[in-house]
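Student: Starting off with a structure, shown below.
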Amino acid sequence: MRYVMNNEPYCLNLIDTPGHVDFSYEVSRSLAACEGALLVVDASQTLANVYLALENNLEIIPVLNKIDLPGAEPDRVAQEIEEIIGLDCSDAIRCSAKEGIGIIEILDALVTKIPPPKDTSKDPLRALIFDSYYDPYRGVIVYFRVIDGSIKKGDKICFMANGKEYIADEIGVLSPNQMQVDELYAGEVGYLSASIRSVADARVGDTITHYSKKAASALPGYSEATPMVFCGLFPIDADQFEELREALEKLQLNDAALKFEPESSSAMGFGFRCGFLGLLHMEIVQERLEREYNLNLIITAPSVVYHVICADGETVECSNPSLLPEPGKRRSIEEPYVKIEMLTPKDYIGPIMELAQDRRGEFKEMNFITESRAKIIYELPLAEMVGDFFDQLKSRSKGYASMEYSLVGYRESQLVKLDIQINGDPVEALSTIVHRDKAYSVGRALTQKLKELIPRQMFRVPIQACIGTKVIASEALSAIRKDVLSKCYGGDITRKKKLLKKQAEGKKRMKAIGRVDVPQEAFMAVLKLEKEVL
């Protein structure tokens, strides 16, 4: 945007970043393209994570927003910012976007406090990609910040991470709509269109340089997106399989972090195994598939990537319980751990610590930020967090607690594969990887739920939860029996025994050849239960 202060024109480039931890890589690349940051904090809310901005050595201007709300406590929040981050908030700008208070002060502070970009337009071109999206008519549109050098319309450019070459057909600036220009110099922010087919070819964090005069080194900080959470997506109606494939391919055009591969299951037919950056990313993709593409989906319980160390010393990555190597072939299983920071009012410390302990959390530290607010730090397995941990945290703290998490690496754990067998046949779709200590309670909950949901058959159906060949929990559906003795009135007992024996033989033969079809509703209910009990 253009801004005039003291009769002098300035050009400001402003970017909004997502706040969720799933997208912390995108945020770090956006911040690498900036000279400063506005730390906008609601005058009524808690403080989230601002350490990424501090790591990038940015000039931070604290802003207290929503001061017009009846519950606003700007003085308390300003004190909290000073205590948590050590930022001087004596001159924090107090504003309300709704009422239009303090807006001019913020723009003036941007001009006076944030340093201008360095003039390096004579150096070889290096531009940082901080965002990209797919346009159905023009291909991928790349948003970038020129760090060194300059770029002209029609230049032959090269992306340094993947080595692909393109011609910059169109370059321009965003003000806020796209406006074409002929050249952009160091310090400027713009967009380019170069007939790029897929967002995966223009990854966030990549460096753009000239094809003929390449830069000596790429800008630091680029990394590939690695999925953290996996789940299976299956269409309820088998005819929608092709539609689901098309929908995922269209979403992938705009979202390079989404990974998927075909998967088939005896219970649910054909579907896809999908990988996501985190839980929020997974929810967004599911919602979009259901809303924008009108698909009815079954979603299996989310799982994480385990490292299986085999007997021959080889390490295998495994995200699908059905692909876990046999117990004889594996030496140990490692699972990802996260460091989780929870901010909570002091009244809810007890219930929140109890929640973390139940999820196999290791207590690290607790400190009081202010007299009434505490920060609790735990390390716990990511698998324990991908279920309903966040919902539980909110319900136990009446919505007042907030959390941040970051991956701390892999650790060895006592993990086992829990199989569910119905009438002696394993049901792959219901297999899960659980901790040995929790296997019994999970197995018991699953078998009881299945007993309620599977319709009774003409023969007795055992429902078993097994670890390998050992059954740890079992329920049985009793057979539906016809009263074969109704026609016997009086007479000898041997008559009745003969009829009952004949019935028993029929049931035995039926059990040997009978198949139990697990209804779709049972799968839905059990998968929902798995998300809760795991």
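Backbone N, Cα and C atoms are what each Cβ position is placed from, and that goes for glycine too.
In TrEMBL, annotation is done automatically, which means it is predicted and not curated.
Just so it is clear, the model here is predicted, and its values are computed rather than measured.
TrEMBL lists these features:
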BINDING   ASP16, THR17, PRO18, GLY19, HIS20, ASN65, LYS66, ILE67, ASP68  GTP binding site
DOMAIN    1-118  domain 'Tr-type G'
Student: Going along the chain, which residues six or more apart from PRO18 (GTP binding site) have their CB under 8 A from its CB?
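Tutor: The list for PRO18 (GTP binding site) reads GLU26, VAL27, given in order along the sequence.
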Student: Using a 10 Å cut-off, grab the number of neighbouring Cβ atoms around the Cβ of ASP68 (GTP binding site), all chains included.
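Tutor: Summing over all protein chains shown, ASP68 (GTP binding site) has 14 other Cβ atoms within 10 Å.
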Student: Can you break down the domain 'Tr-type G' (1-118) into helix, strand and coil residue counts using DSSP?
Tutor: 40 helix, 26 strand, 52 coil
Student: Which site among ASP16, LYS66 has the most other CB atoms no more than 10 Å from its CB, taking these as binding-site residues?
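Tutor: Max Cβ neighbours within 10 Å, all protein chains included: LYS66.
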Student: What is the pLDDT of the domain 'Tr-type G' (1-118) when averaged and given as a whole number?
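Tutor: Averaged over the domain 'Tr-type G' (1-118), the predicted model reaches a pLDDT of 78.
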